[in-house]
Amino acid sequence: MTATVRNLVPPAPPAPALRGPSLRDRLKGPAVFTFVAVLALVAAPLLLEPFRLNLLAKYLCYAIVALGIGLAWGQGGMLTLGQGVFFGLGGYAMGMYLKLNDAGGDLPDFMVWSGVEKLPALWAPFANPVFAVVFAVAGPVLLALLLGALVFRQRVRGAYFAILTQALAAATVILLVGQQGLTGGTNGLTNFFELFGQDLAADETQRGLYLVVAAVLGVLYLLARQLVRSRFGRLLVAIRDGEDRVRFLGYNPATVKTVTFAVSAGMAGLAGALFVPVVGIISPALLGVVPSLELVVAVAVGGRFSLAGAVLGAVLMGYARTSFSEEFADGWLYLQGALFILVISLAPKGLFGLLAAARNLIAARTQSRSRTMDGDMAGGADGPLVEAPEARA
Amino acid sequence: MEAVVNQLPIGLSIGAVLLLIALGLTFTFGQMGVINMAHGEFIMAGAYTAYLLQGWAGRQAVLVALPVAFAVAGIMGLILERLAIRHFYGRPLDTLLLTWGVSLVLQQLARDLFGAPNVQVQAPTWLQGGMGILPYNRLFIFALAVGSVVAIWGYMNRTSQGRRMQAVMQNRQLAAVSGINTGRVDQRTFFIGSGLAGIAGVALTLIGPVGPALGTYYIVDAFLVVVAGGLGRLGGAVIAAAALGLLNSYAEFWTNASLAKVIVLVVIIGFLQVRPQGLFVLRARALT
């Protein structure tokens, strides 16, 4: 067990081989991606009943946030415990537009209840859908850029950063709950009726929304993957594994980290904006310390070093949550806690790590059988090639 | 003006509770590089200890509970350290997530054992009332914190165990090659730190009801005290806790409760611009 724990950091990407990977290896990734995409975009809407499809859309929203966490934490080593804040910013931006749209020039219902007489100035621009959507992404990005610039420039990192982001999540919730007339307080924003002229309760609209969420997730996944494979991504991983060394090489880790953090925040914001019409509510309970941590848990379960693992983890945990809390609500907390303890202590690389380990084991078996003459291959030039997809995929 | 003075004991007693909680965190974090999210549940355990002792000790439960809660929370900490945390030394982010899982389980356990609704602990009659603007219960909490700090200071500087603890905190390897049993020192630190959280829990029963989520309300603030005070620094923790307690209560008083936490966070981030490693820094030549 200690061996797994110690070898937490994935091996360095392989030195460029003289001949690139074989055609079969190069096609494997795109093939799997296409398969999953077809499954999600064609099969799921045809086969699932509207209720389940709606749930799946919700999980996929969480998966978008998880993708951002995978980027910031798995690749960049920044454990962000405040993604819920960015998710909430996007969600509230969208919720405010929907509320104003439904009210049709009047005050939103909850404001009337809490005795607000005039539309607050903060709300006015959100009557414009373009502004709302742009803000849902730009707001979190700007907040993350500001926070990142302040924090990373001072070399505040690791656990300190985690604590600060967690405090941000806690403070945001208290702020939202306290400003009843502005934010709907504990209840948040809910009771939405239409989006861009479409009835939100209609199955057709929800199916359309599902397709949009799935497509956005797919595009963001490809973008994130490209980012990780670029020079920028290499730098990010290098910073995760030895920030001071990268600084000595003349790079500025603060910039790289801030940009990555902002990208992950933008993803969370977009996910929040998609989440609101899908689920029909955004409230402080959906973005506080606990939901933010739960998403980190999901990423850890799926496999933090792999973007696909992060996505898979979020969908699986979302599904597990729904099915278990339908059966026994209290048991879920035990299960979640226990699962988490087990994953962190026994399989820190998550499901994808286990998968890669199993594949390596099989590969090592076949290799040692076919080339007994070569002797010890462990750590040799061929070794990491098998491991590479896990570190980068 | 009068209101400003009235706010003072409230702020200081919040600071005192934060200090009791943060002391354990700052030492485990500073010495072992462990972030213990389950620390909040040790607070809860301490508070429930006082609640349970009520049946036996009646209104003096709070007093009786102090040593018992220290032992209960301390032993819980020790078990956690032995079973899980010691495998994760120097990996703060993983311990953070691991202990969060533990904290989830403990909270649910408390909910199953004691029920989800809050319970009340009766304060001793001699803690009711107060001198002028100083309520006795807040004064008692303050005295508790002062007593604990003096005891910890004495332990760290006047006993050989405490000096070993300081040695491990400053340089683990060097301490180990000098013949110090670092594992034993870690256990003691964890026991004492968790025990202090138990005492904080008892103190909290004097100013509010007890519920399964009691710890979660204070843990984030306590971590901010650690960040602002500097790792493993007693003096830093004292000043940071007092400052944060006062800032919290005055920000709440002058603006409104919902803005206070945001103001505190902004102040802390601003403070980190000037002193990124907290008030007091443990100087070391090692580079991460």
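Note that Cβ sites are derived from N, Cα and C of the backbone, with glycine treated the same way.
Just so you know, TrEMBL annotations never went through curation; they're auto-generated.
Just so it is clear, the model here is predicted, and its values are computed rather than measured.
Here the transmembrane segment (B:6-27) has Cβ contacts under 8 Å with residues 35-36, 39-40, 42-43, 77, 133-135, 138-139, 141-142, 144-146, 148-149, 152, 165, 169, 189, 192-197, 199-200, 203-204, 207, 218-219, 221-223, 225-226, 229-234, 236-238, 240-250, 253 of the same chain, all six or more residues outside its ends. Here TrEMBL flags B:6-27 (among others) as transmembrane segment.
If you look up TrEMBL, you'll see B:34-54 (among others) marked as transmembrane segment. The list of residues near the transmembrane segment (B:34-54) in space but at least 6 beyond its ends in sequence, with Cβ under 8 angstroms from a Cβ of it, reads 21, 24-25, 28, 61-62, 64-65, 68-70, 72-73, 76-77, 80, 85, 88-89, 92-93, 95-96, 99-100, 102-103, 106-107, 110, 114, 119, 121-122, 193-194, 197-202, 204-205, 210-216, 218-219, 222-223.
Among the features that TrEMBL reports, transmembrane segment is placed at B:60-80 (among others).
Taken from TrEMBL, the feature transmembrane segment covers B:139-156 (among others).
TrEMBL lists B:190-210 (among others) with the feature transmembrane segment.
The annotation transmembrane segment is assigned in TrEMBL to B:222-246 (among others).
As annotated by TrEMBL, transmembrane segment applies to B:253-274 (among others). Long-range Cβ contacts of the transmembrane segment (B:253-274) within its own chain (Cβ-Cβ under 8 Å, at least 6 residues beyond either end) map to 3, 7, 221, 224, 227-228, 244, 247.
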Distal contacts, the transmembrane segment (B:222-246) - CB-CB under 8 A, six or more residues away:
8, 11-19, 21-23, 25-27, 29-31, 35, 39-40, 149, 152-153, 156, 169, 264-265, 268, 271-272, 277-282
